[in-house]
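I have placed the structure first, in the form of structure tokens, so that the comments after it can refer back to it.
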Amino acid sequence: METLFNGTLTVGGRDQETTGFAWWAGNARLINLSGKLLGAHVAHAGLIVFWAGAMNLFEVSHFVPEKPMYEQGLILLPHIASLGYGVGPGGEVIDTFPYFVSGVLHLISSAVLGFGGVYHSLIGPETLEESFPFFGYIWKDKNKMTSILGYHLIMLGCGAWLLVLKAMYFGGIYDTWAPGGGDVRIITNPTTNFATIFGYLLRSPFGGDGWICSVDNLEDIIGGHIWIGTLCIFGGIWHIYTTPWPWARRAFVWSGEAYLSYSLGAIATMGFIACCFSWFNNTAYPSEFYGPTGPEASQAQAFTFLVRDQRLGANVASAQGPTGLGKYLMRSPTGEIIFGGETMRFWDFRGPWCEPLRGPNGLDLNKLKNDIQPWQERRAAEYMTHAPLGSLNSVGGVATEINAVNFVSPRSWLATSHFVLGFFFFVGHLWHAGRARAAAAGFEKGIDRVDEPVLSMRPLD
């Protein structure tokens, strides 16, 4: 009887007996075939870039400029818009052609990568060591592995510097904090102070401290990319021209599966950080494109009702709510004037539509009575009804309507997907790290199934 796990099955000219891996182990069959593994990696990159290009064009073809991006389920166009392409004051889309160009460039790139993947998978040499020693490698060659690490670091550093160059010299990027409701601007004075940039790493991850996710200005973001880009480039050069120190040779497991586990752990970490950034941060992820954060929607609702009732004659400074606390305004634990009601839990929220109304001691009563601008009212009303909540009951006081339009915020998509995928990658990290350590310690690979009870049972069919 043939089963899915039939060890005699041959795929791509390789079977379990000759490689030590069954067909479902995927690229494990190519561990020692550097040429074929190169093909698999290039083809994989082609698939990724193809998705980016195709999805980009899909979003462009469905995009309605009159509606906010976050109301249209878009996740790629907001990223391009954040880079300052095709948008003007207030985040209004004034030109979709750059988005089309981005999609086409990715499609063309994916074709090149796809061709390279097919070539190296089917036509090119199985191993690179003999014909192209510079590109060849042996997994246990510690010096070669750290050199490859160096090349990767240099590429990452160049990527970080591309954002710096775009922000400082090639048109600027979108700043949600620009006066009047956001605009594209050139970052002329990025923060390069070491204590400021790396101080983010020392912050608590809780509440308003928010670790690195609390960054609220583009100067710090671009300055951080200058630091990271420079460190990656110099770190890459260091790893290319040096050999691992004795402690590193002893501490790490040096095998293909170990490197896979390290990579999966790094990607999982980045996934978790991206999850928090896309959910909480409204500077790197401007709310004009991604929709409001949860706290932002809650604060926007409190602000909207304050504006409405103040126009109707309510004394918003002294009105009491049903609990005896301030209905519209109250004091924070530190004495600041904050919005009242359930949104009190988000008292340390900061957003560009709200900050102009603050004074030295929180919200300024005089500004609330005399200085509220129409764009602030419009934006708050829009954000109030587009909270990134998947709940039928109210969260943070945000009114939810079960008969309303089925709105799912891009922040919900991005945060959830990055957390779930980050978790899967973390499990993969643990799995492959355990296997790599076991192999390095000399344990027998796999499980001996000779005495497995199921082997003596009658087939189901």
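Using the three backbone atoms N, Cα and C, a Cβ is placed for every residue, glycine included.
Annotation comment: Swiss-Prot describes Glu355 as [CaMn4O5] cluster binding site, evidence class sequence analysis. The number of other Cβ atoms within 10 Å of the Cβ belonging to Glu355 ([CaMn4O5] cluster binding site), over all protein chains shown, comes to 11.
Annotation source Swiss-Prot lists N-acetylthreonine at Thr3.
Among the features that Swiss-Prot reports, phosphothreonine is placed at Thr3, with the record citing sequence analysis.
Within the chain, the transmembrane segment (57-81) has long-range Cβ neighbours (under 8 A, six or more residues past its boundaries) at 87, 91, 93, 96, 98-100, 102-104, 107, 174, 285-291, 382, 386, 407-411, 413-414. Taken from Swiss-Prot, the feature transmembrane segment covers 57-81 (among others).
Positions annotated as transmembrane segment by Swiss-Prot, on the basis of sequence analysis: 122-143 (among others).
Positions annotated as transmembrane segment by Swiss-Prot: 166-188 (among others). Beyond the ends of the transmembrane segment (166-188), by six or more residues, the same chain brings 81-84, 87-91, 216-219, 222, 282-283, 286-289, 352-353, 355, 375-376, 379 to within a C-beta distance below 8 angstroms of the stretch.
Marked as transmembrane segment by Swiss-Prot on the basis of sequence analysis: 243-263 (among others). Proximity of distant same-chain residues to the transmembrane segment (243-263), defined by a Cβ-Cβ separation under 8 Å and at least 6 residues beyond the stretch ends, is recorded for 31, 139-140, 142-143, 145-146, 428-433, 435-437, 439-440.
The transmembrane segment feature in Swiss-Prot is assigned to 279-300 (among others).
Marked as transmembrane segment by Swiss-Prot: 435-459 (among others).
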DSSP state at Glu355 ([CaMn4O5] cluster binding site), helix/strand/coil: helix
